[in-house]
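Colleague: From TrEMBL, here are the annotated features:
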- 33-66: disulfide bond (DISULFID)
- 43-56: disulfide bond (DISULFID)
- 83-106: region 'Disordered' (REGION)
């Protein structure tokens with residue numbers, strides 16, 4: 001325990017990212033990635049750091065994907081690039097409401 005509570009004095013909480021899923025949530029509901037975090041922690045509990053990295057790699061990757069959505073954004077980027085290529089080639093024409101042209105409203 002530090003002598004001065006520097007984080008408290010400055011109003012900064014550096015540890016909140018690591019504990020974000022386990023903290024009490026509003027309305028008493030579990031956080032979105034709580035299940036993945038729990039699996040990762042349960043897998044690594046009691047193992048050494050080196051062994052846990054090797055044996056719990058899948059659980060850690062699932063947890064990080066839930067938190068950061070890197071695979072999802074890469075997949076979406078690929079889909080959008082393919083759509084743009086098809087538009088350029090003339091094989092696909094997006095609907096009017098996707099082009100910013102709305103129907104007139106009464």
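The backbone N, Cα and C atoms fix where each Cβ goes, glycine too.
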Colleague: Hey, how far is residue 66 (disulfide bond) from residue 43 (disulfide bond), Cα to Cα, in Å?
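Modeller: Cα-Cα distance, residue 66 (disulfide bond) to residue 43 (disulfide bond): 17 Å.
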Colleague: What same-chain residues, at least 6 away in sequence, bring their CB to under 8 Å of the CB of residue 56 (disulfide bond)?
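Modeller: In sequence order, 40, 43, 44, 47 meet the Cβ cut-off.
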Colleague: With helix taken as DSSP H, G or I, strand as E or B and everything else coil, how many residues of the region 'Disordered' (83-106) land in each class?
Modeller: 10 helix, 0 strand, 14 coil
Colleague: Let me check the 10 A CB neighbour count of residue 43 (disulfide bond). How many other CB atoms are there?
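Modeller: For residue 43 (disulfide bond), the 10 Å Cβ neighbour count is 16.
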